[in-house]
Amino acid sequence: MNNINDKTKRRLIVASGLIISVILIVLISAQFKKEPIEDAVLPNKSVETNDIIVGKPVITEKEDEIIVPEIKIPEDETIDNGAIDTGTEQTIQGDVEKPKEPTKEQLTDPTQKPNGEKVETPPEPVAHDKVEKPTETPKNNDVPQGGDTNNGKIYVPGFGWIEDVGEGEGTVAEDMYENGNKIGNMD
């Protein structure tokens with residue numbers, strides 16, 4: 001058998017593979033076949049019948065007679081949907097009317113407002129050059145302001161004096177995505 005050349009070996013391998021494949025397909029398809037359903041064997045019908053006799057029950061107690069009074073229906077029928085009438089009348093409101101625009105005389109007249117109301121005291125003009133500016137409150141030197149530094153510490157309102165570590169720093173990691181997920185192994 002050593003004299004079998006490569007071409008013959010390939011043919012034998014392919015043929016044996018095909019035979020094995022056909023056998024497997026037949027076995028697998030046999031698993032999926034449905035077994036035929038056999039009709040169930042019914043027992044023979046028997047014609048025997050038993051007569052059942054039901055007797056009338058004997059009532060020894062006398063039942064009370066039920067009397068239903070006659071219901072009188074009023075002749076004057078009113079259709080009522082269950083709502084309670086409180087006697088208030090409802091009316092549909094008319095369209096809202098826009099007030100007419102004030103005239104230029106009313107807008108420029110200092111003795112009355114644009115809606116027509118009279119002004120009790122006419123407005124007094126104020127010279128804008130003579131307006132007093134509010135004085136600034138003097139800074140209290142005892143109370144530190146936000147951002148003051150002292151002995152390497154910085155004052156932050158609400159936190160007090162904390163160590164000045166400088167500005168926050170951002171670093172770039174070459175092995176991370178923009179969302180912070182690490183690239184590669186996390187060993």
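Keep in mind that glycine also has a Cβ here, set from the backbone N, Cα and C atoms.
Database features, via TrEMBL:
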- 95-107: compositional bias 'Basic and acidic residues' (COMPBIAS)
- 115-136: compositional bias 'Basic and acidic residues' (COMPBIAS)
- 137-152: compositional bias 'Polar residues' (COMPBIAS)
- 77-155: region 'Disordered' (REGION)
- 12-32: transmembrane segment (TRANSMEM)
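Across the compositional bias 'Basic and acidic residues' (95-107), the DSSP tally of helix, strand and coil residues reads 4 helix, 0 strand, 9 coil.
The compositional bias 'Basic and acidic residues' (115-136): residue composition by secondary structure is 3 helix, 1 strand, 18 coil, according to DSSP.
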